[in-house]
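What TrEMBL annotates here:
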- Asp19, Trp20, Glu22, Asn24, Glu33: Ca(2+) binding site (BINDING)
- His81, His207, His211: Zn(2+) binding site (BINDING)
- 64-86: transmembrane segment (TRANSMEM)
- 122-148: transmembrane segment (TRANSMEM)
- 160-181: transmembrane segment (TRANSMEM)
- 208-228: transmembrane segment (TRANSMEM)
Amino acid sequence: MAPSVDRQGYWGRPTSTLDWCEENYVVSFYIAEFWNTVSNLIMILPPLCGAIQTFRDGLEFRYICSFLGLAAVGIGSWCFHMTLLYEMQLLDELPMIYSTCVFVYCLYECFKQENSISLFPIAILLIFSVSVTLVSVMYGALVGCLVMRSIFIVTWVYPWLRALCYTSLGIFMLGFLLWNIDNIFCDSLRASRQTLPPAVGVLTQFHAWWHIFTGLGSYLHILLSLQIRSTYLKYRPKVKFLCGVWPTLHIEPQKTS
């Protein structure tokens, strides 16, 4: 975590229980942690586009909720890192739990009838999300459920989806590694940024990289979940690359025989 000595800015003294390693109000008087803020764009814009595409394809509402949940995480994280206020910290942490609950539901209910709703897992996830107060433990448990279920499916059911599964997991874990480095070696990172050129020093904002990699990993996980579901329902999913770079999933309306 960051040392307590930082500049004051538009939002005043931080009231959040966490203050990350990026120096406060260095880039902008109006944004406490500039790079930790703008890096959330990857969790906002692509998921919104994904939600629109999922709606156009006429797919189940749960997958629209998955994309919108990831976008909510990005918006909440943007507000938190911009202000470092406790109220915005909750806006960051709680959507992480609720959106991951949606991910878990989608992946564990992927082999059911189309448009079916299972109330029992929904109730379990709701109880879990409101009863466990330690956010890190809750989030870790939910992610663990996703990892185990994903590996099971690509090992025993759809092995041709292994590349997408392990790419998603690897990118997410890389972000988690950088998050830990940012926490453990904060003093060293801050000292190095005093001597490095600004364009190089920004690359050591590892919490911002955590946003980028976990945002991309989570987005790819939703694509994986959609691939699994649409394949089970005998649709023909196709991965297309926007501008030749960004992966999107398109579902043809006709089912295979």
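Any Cβ shown, glycine's included, is placed from N, Cα and C.
Of all the binding-site residues listed (Asp19, Glu22, Glu33), Asp19 has the fewest other CB atoms within 10 A of its CB.
Rounded to a whole number, the distance between the Cα atoms of Trp20 (Ca(2+) binding site) and His211 (Zn(2+) binding site) is 13 Å. The CA atom of Glu22 (Ca(2+) binding site) is located 10 Å away from the CA atom of His81 (Zn(2+) binding site). A straight line from the CA of His207 (Zn(2+) binding site) to the CA of Glu33 (Ca(2+) binding site) spans 10 Å.
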